[in-house]
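Enquirer: Below is the structure I would like to discuss, written out as structure tokens.
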Amino acid sequence: MACGEATAVAGDHPINTPLRLVHEVSQISIAGFCGKFKKDCTDLARRVTLLAHLLDEIKDSNTHLGSSSSFSSFNSCFSDLSVALQAAKKLLLAANELDPKIPYDAAVKKINFQFQCVTWKLEKALGSFPYDHFDISEEVQEQVELVRAQLRRATERYGGPVKSNSLSRASSQPLDKEIDLLHSGNSGIGTLHLENIGNIDHEVRSKVGGVPRGSVPNGSACSQIVQDSKRIGNSSQLSEVGDLEISRDNDSPFTSHEESKESNFPVTPTEFLCPISLELMRDPVIVAATGQTYERSYIQQWIDGGHTTCPKTQQQLHNLTLTPNYALRNLISDWCAKNNIEQPTAFANGKIKKSDGSLRYVSGEIGAIEVIVRKLSSRSIEDCRAAVAEIRSLSKRSTDNRILIAEAGAIPVLVKLLTSEDRQIQENAVTAVLNLSIFDDNKGIIMLADAVPSIVQVLRAGSMEARENAAATIFSLSLGDENKILIGASGAIPALIDLLLTGNTRGKKDAASALFNLCIYQRNKGRAVRAGIIPALLKMLTDSSSCMVDEALTVLSVLANHQEAKAAIARASTIPVLIDLLRTGLPRSKENAAAILLSLCKRDPENLACLCRLGAVIPLTELAKSGTERAKRKATSLLEHLRKSQQHSS
């Protein structure tokens, strides 16, 4: 101990080891993951990488470790975290480099249990951390709480009810020792190779589906604001690990699934099947004209074949827009994980799985794309310019291309090109990143490549086209809850508000969409208010030449339940404008205006009184009779609040 204390006094802060491990995991993540555990590895690596902000703030803080007893206590916490991070690093390497000689089922069971142990150990280490002793920002504290919540959910998904005593015993074993025990003489299990970081294959072996061709035209990917969907994680079932014996008694969470999966094969929910192919969907999309959901490739083939009606309802397809159904996709992912069913996949072992289940070999295409990706790093501006333009074009065409481009390691290189002084290279790079981000697995790779600061830089100082596409990229990335926190803390919100004020129509729509998504996260609402979003939205509402009324109202509706935003909306004299919209707006505008007014006036006598003075009762009464269903509910509720307020005052 004395030695350790002396080292600490000499300036070797105990945070250095966990910080180094986090950076090493980040480097592993950039190289990419493959195989059965790609999603598990990507999720774990993303959560570990998020801890860099916490550790950086601790290291930069002026907190002294104090007495030897205080140091010993702190050092124990840092040590526990280091052990958990080291286990995470080794597990990522092991799961990504499974020896093909290992019986597949046995390897899956062992690695699954190790994922449960590691996620439990990380959450436990973070839970006992002395946060109060360091100067940690509120944003980072919330980020850590989000990571802990995700780790808790992941631990439970890996093995049902968590048994802390068995997990504690299992996770106390060194992970490298456990993996080394998986040799060929032990129950017929082969060896799990742990490679050095420098020897990791730099190709991403993708195995999941995504959004195919034509879904995001350049610059207008998010011109329509969409509702946030709950992100449901994916995991696999677990059984046993290495030489650790798991008792199969009535209390074991490992028994029921293994014993019953053959006799009780789950029935696929009807809503998970494409109405055209009757197969489990991997890329469900909503047809805007009818609201029906299909597998994208099948409905796209139907439309490309000249059909003008919805296959299920026979309604005319006046609007051919296809919107990704993220909520359903995640429900399918969760259901597959819970029932130990292999998810529909897009890429594996040099082959793309088509929607009809057949495989298409793409080795030649991978080789051609790798050649283009190498040219992205060329010292010749002309070669680089041509290569990034080709990547942009390829990434726009199809999901398969988005998978293969990420496979070839293009994303980290494209992120570097975002800061290029060549405007053409910058525009094509940010648009390529936008196109690649449509495929969900690529979102994680983009975030791990630390792309957000560079995207924000483009958003602030790029050409108008580059700024539009940077805003669209932020919208796409912000669909993940943890990404909302990182993007909100990056300075993106003021830059988006500036585009909201100064951009063309397409840029304003993309900025509004991104701001809506970011402001779902509570702390970002305060950031947006302080950055001046309320005056910007009010300007959009009152500008007679503006075509952004619906977008402005939608963003206001997500802000109106935040106390700071609520006060700013009232101060900006927004209530009279909203009442005017109740009288003259389109049905959707009336509905949103009523919803915002209800949020502003709940438990706020002053705003209720203002509503009465400005004559809101008549338009609200009309709306309660003839508005949309949602508008009727909001208007009726507001009228009830007004009635109670008048009774109370009299």
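Every residue, even glycine, has its Cβ placed from backbone N, Cα and C.
Feature list, courtesy of TrEMBL:
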type	residues	note
COMPBIAS	245-262	compositional bias 'Basic and acidic residues'
DOMAIN	267-342	domain 'U-box'
REGION	233-266	region 'Disordered'
REPEAT	409-451	repeat 'ARM'
REPEAT	450-492	repeat 'ARM'
REPEAT	491-533	repeat 'ARM'
REPEAT	532-574	repeat 'ARM'
Enquirer: I'd like the per-state residue tally for the repeat 'ARM' (409-451) from DSSP, helix first, then strand, then coil.
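Expert: For the repeat 'ARM' (409-451), the helix, strand and coil counts are 32 helix, 0 strand, 11 coil.
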Enquirer: Find the average pLDDT over the repeat 'ARM' (409-451) in the predicted model and report it.
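Expert: That stretch averages a pLDDT of 92.
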Enquirer: Please list, for the repeat 'ARM' (491-533), how many residues fall into helix, strand and coil according to DSSP.
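Expert: Helix/strand/coil tally for the repeat 'ARM' (491-533): 35 helix, 0 strand, 8 coil.
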Enquirer: Summarise the domain 'U-box' (267-342) as counts of helix, strand and coil residues per DSSP.
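Expert: Helix, strand, coil within the domain 'U-box' (267-342): 25 helix, 14 strand, 37 coil.
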